[in-house]
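Features as listed in Swiss-Prot:
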BINDING   11-15, 112-165  FMN binding site
BINDING   Y13  NAD(+) binding site
DOMAIN    5-192  domain 'Flavodoxin-like'
Amino acid sequence: MATKVYIVYYSTYGHVERLAQEIKKGAESVGNVEVKLWQVPEILSDEVLGKMWAPPKSDVPVITPDELVEADGIIFGFPTRFGMMAAQFKAFFDSTGGLWKTQALAGKPAGIFFSTGTQGGGQETTALTAITQLTHHGMIYVPIGYTFGADMFNMEKIKGGSPYGAGTFAGADGSRQPSDIELKQAFHQGMYIAGITKKIKQTSA
């Protein structure tokens with residue numbers, strides 16, 4: 001039976017979604033792994049989103065809390081708001097109380113990825129505060145560490161991401177798109193976490 005990896009994200013302007021697409025490619029590069037992209041529900045009105053100049057959402061399906069249980073491993077992605085995950089994603093986690101009560105997600109590997117506007121925008125604080133959500137669910141947090149190799153030490157270019165997970169800088173006006181090195185790190189994260197998820201499933205079978 002194939003290992004199921006879900007990539008669950010929220011994206012306002014497409015930066016997190018672009019990383020999610022690359023993470024999906026990386027996870028799919030691991031044999032016998034099925035990967036699915038999901039969005040979390042939007043909580044802002046169309047009026048507010050319009051004033052934010054947010055583009056229309058893609059056709060990626062919106063997930064419900066109960067659907068998380070179907071996955072063997074989950075990679076969560078979100079933009080940063082004042083140093084922590086966006087309210088849309090926090091609202092989704094807040095809706096998983098039923099899963100918390102039964103510990104339905106306990107033992108599942110989980111990773112995180114993120115986007116900030118600037119280099120001081122909170123990439124690591126967002127990761128650190130997100131880990132609390134995984135902890136209360138009993139999930140196994142899987143950071144990428146320095147497994148991405150030499151590019152983790154690249155100082156020649158602006159680069160998002162960290163040992164906590166893949167990341168990108170959107171720029172203060174959102175005009176900067178994920179760079180090649182950021183996309184490569186996202187691919188690596190998908191491949192890395194899918195591989196670990198597959199190993200855990202095989203050993204627990």
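Including glycine, each Cβ sits where the backbone N, Cα and C put it.
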| field | P163 (FMN binding site) versus the residue listed as 'NAD(+) binding site' - Cα distance in angstrom | value | 24
| Collapsed DSSP category at S115 (FMN binding site) | strand
| remark: For M155 (FMN binding site), the three-state DSSP class is coil
| note | Around the Cβ of T147 (FMN binding site), other Cβ atoms found within 10 Å total 12
